[in-house]
Amino acid sequence: MAYPFQLGLQDATSPIMEELTNFHDHTLMIVFLISSLVLYLISLMLSTKLIHTSTMDAQEVETIWTILPAIILIMIALPSLRILYMMDEINNPALTVKTMGHQWYWSYEYTDYEDLSFDSYMIPTNELKPGELRLLEVDNRVILPMELPIRMLISSEDVLHSWAVPSLGLKTDAIPGRLNQATVMSNRPGIFYGQCSEICGSNHSFMPIVLEMIPLKLFENWSISMS
């Protein structure tokens, strides 16, 4: 859950988000080192009186500043590709949930169960209970079992939407006529908030997403009560 004036990323709840956080730190450190080197060279050029007016060719220098950026790009690309493959890989999901975007609410269908589906609307501000979050609470939360791989099939009934839950490292476009998929897996129980992250009309800001991750036994009891 984000908090006011937060500078960093939200606390990672899934293995994917942990990898994304590590990759962010890895890339940020490379950018910091490059920026420091550039600032140092600029300050050196401004402060020194030494010039090389007679230098017409420098093969060694050109070789270094060609090979070094290539190595840096490889250091960024390899972990990035690894995470991309991890995000696309879904092996033997324990549960499949179909998510449909509408103007302006979400609908969910648990495809492994008969007649287990519902719509999820934002709770208006005047109906919120003490302690509930404005513009983030919904009337029907998505209940999922923790510590199990879950496949989300995401699409849209009308316009472009985007199903995003930052603490789980999820952001998948909901496109009419196209079925995208994402993997959901939580390391711990809790309630995790997200929002539609694609401008989809006048009420775009009123499409929150709430996932409630619970132990498997409690999820089974909930699914029986909903069927």
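A Cβ is built for glycine as well, from the same backbone N, Cα and C atoms used for every other residue.
Feature annotations, courtesy of Swiss-Prot:
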BINDING   Cys196, Glu198, Cys200, His204  Cu cation A2 binding site
BINDING   Glu198  Mg(2+) binding site
TOPO_DOM  1-14  topological domain 'Mitochondrial intermembrane'
TOPO_DOM  46-59  topological domain 'Mitochondrial matrix'
TOPO_DOM  88-227  topological domain 'Mitochondrial intermembrane'
TRANSMEM  15-45  transmembrane segment
TRANSMEM  60-87  transmembrane segment
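A map of Swiss-Prot features onto the structure.
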| residue | record | CB count, 10 Å |
| --- | --- | --- |
| Cys196 | Cu cation A2 binding site | 25 |
| Glu198 | Cu cation A2 binding site | 18 |
| Cys200 | Cu cation A2 binding site | 21 |
| His204 | Cu cation A2 binding site | 17 |
Indicate whether Cys196 (Cu cation A2 binding site) is helix, strand or coil by DSSP.
strand
In the topological domain 'Mitochondrial intermembrane' (1-14), how many residues does DSSP assign to helix, to strand and to coil?
0 helix, 0 strand, 14 coil
Restricting to the topological domain 'Mitochondrial matrix' (46-59), report the mean pLDDT as a whole number.
73
Given a Cβ distance threshold of under 8 angstroms, which distant residues of the chain, six or more beyond its ends, lie next to the topological domain 'Mitochondrial intermembrane' (1-14)?
20-21, 24, 166-170, 184-188, 190, 192-193, 213
Can you count helix, strand and coil residues in the topological domain 'Mitochondrial intermembrane' (88-227) using DSSP?
21 helix, 61 strand, 58 coil
